[in-house]
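Among the features that Swiss-Prot reports, transit peptide is placed at 1-61. Marked as disulfide bond by Swiss-Prot on the basis of similarity to another entry: Cys99-Cys190, Cys351-Cys393. Under the heading ATP binding site, Swiss-Prot lists Gly116, Asp117, Arg118, Gly119, Thr120, Gly121, Lys122, Ser123.
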Amino acid sequence: MASALGTSSIAVLPSRYFSSSSSKPSIHTLSLTSGQNYGRKFYGGIGIHGIKGRAQLSVTNVATEVNSVEQAQSIASKESQRPVYPFSAIVGQDEMKLCLLLNVIDPKIGGVMIMGDRGTGKSTTVRSLVDLLPEIKVVAGDPYNSDPQDPEFMGVEVRERVLQGEELSVVLTKINMVDLPLGATEDRVCGTIDIEKALTEGVKAFEPGLLAKANRGILYVDEVNLLDDHLVDVLLDSAASGWNTVEREGISISHPARFILIGSGNPEEGELRPQLLDRFGMHAQVGTVRDAELRVKIVEERGRFDKNPKEFRDSYKAEQEKLQQQITSARSVLSSVQIDQDLKVKISKVCAELNVDGLRGDIVTNRAAKALAALKGRDNVSAEDIATVIPNCLRHRLRKDPLESIDSGLLVTEKFYEVFS
């Protein structure tokens, strides 16, 4: 999958920090003896709960080789990837593009749900983000893309190594974008324990799933409204808590799984439950372009890309690099962006008067407004910033009224101007 692969480069650190590329990480084993209560053990980058009174067994983490191989091969794999349509070449759909950019700048916004007509470029736009994603530092060979500097994004094993004073091998890699297919099983998403090994060898081998690969990255679900509800629940819980827990055969295994969840779908094929919609930070509505000249331009641009992808991508290289620099700069100044107290009060007043349940709407609107101010290069949020993002932050949180003909986004906009005027 092209979009799930990222390019990597070794950070400039002393050579002693790096292990030989030809050596494979050893597979560690933890023995649990019958009749003993081990409590919570941390091993192999995962948290393991031993259960008192169980027969003797071993827990093996078989994932340690996966990321090291991917990181070593990522530069070569970039050349063989399917060409991605440039983000800056997308015509129109400004609302969707803005929501995606704000989530890249501040992943804590909570993802974005994109709903719209067929053939409006939803999947193309999301996958085109891969070229704009900034590089991040990860611990070499770690299957969970642990952050070597932030304990919040560290696997348990890496955190213990840091506490012991061990120097870590670090690589620079682009943020991953992982596609979740509709036919994926819960084991493929969350990770699986090999029961056959447990029966034949007395070993329980844990193999991380897509949530581990998406840690500190983006997880994209096309046609999310057709995904099984229990899988959507798993994705949203992991995205909100930042951890994935797998319970199998008396063993509880946890690992970091903090990612930006992006879903897209066609409302004609079914809606998400309101309680699930509320868990997405922002909601973008995409419509078919009606302007004839814009439609012609889109067709011509797509034709150019299909004819010669490399030449087409090169023609947008300068715009892509400029946008990537804007994103990197916005991420670096985001923590210094301030929002005045009176603006916070007005945001909450809009939410209250619209009868928005809970406080997620207030929180997300504040975060999105700050991210937009950072993208514009400012350190203070303006009312204009709030007006731009608040429809996308609240429209999917309003209670449905079957007798209401006006779009929920317009209701939010009307209430905003009523309160802020």
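A Cβ is built for glycine as well, from the same backbone N, Cα and C atoms used for every other residue.
These figures come from a predicted structure and were not determined experimentally.
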Least surrounded among the disulfide-bonded residues, given as Cys99, Cys393, when other CB atoms within 10 Å are counted: Cys99
- request: Tell me the Cβ neighbour count for Gly116 (ATP binding site), meaning other Cβ atoms within 10 Å of its Cβ, over all protein chains shown.
  value: 20
Message: If you count CB neighbours within 10 Å, which one among the binding-site residues Arg118, Lys122 has the smallest count?
response: Arg118
Field: Chain-mates of Gly116, Asp117, Arg118, Gly119, Thr120, Gly121, Lys122, Ser123 with C-beta within 8 Å of site centroid, ATP
entry: Ser264, Asn266, Val286, Thr288
Field: Top Cα neighbour of Cys351 (disulfide bond) in the set of binding-site residues Gly116, Gly119, Gly121, Lys122
entry: Gly116
Field: Under 8 Å by Cβ from Cys190 (disulfide bond), same chain, sequence gap 6 or more
entry: Gly209, Leu211, Val234, Asn244, Val246
Message: In the three-state scheme derived from DSSP, which category covers Gly116 (ATP binding site)?
response: strand
Message: Counting only residues 6+ away in sequence within the same chain, which have a CB under 8 Å from the CB of Asp117 (ATP binding site)?
response: Asn266, Val286, Gly287, Thr288
Spatial neighbours, same chain, of Thr120 (ATP binding site) - Cβ under 8 Å, 6+ residues apart: Gln93, Val286, Gly287, Thr288, Val289
Statement: In this structure, the one of the recorded positions Gly119, Gly121, Ser123, Cys351 whose CB has the fewest other CB atoms within 10 Å is Gly119
Message: I need the CA-to-CA distance for Cys393 (disulfide bond) versus Gly121 (ATP binding site), whole Å please.
response: 21
Query: Any idea what DSSP makes of Cys351 (disulfide bond), helix, strand or coil?
result: helix
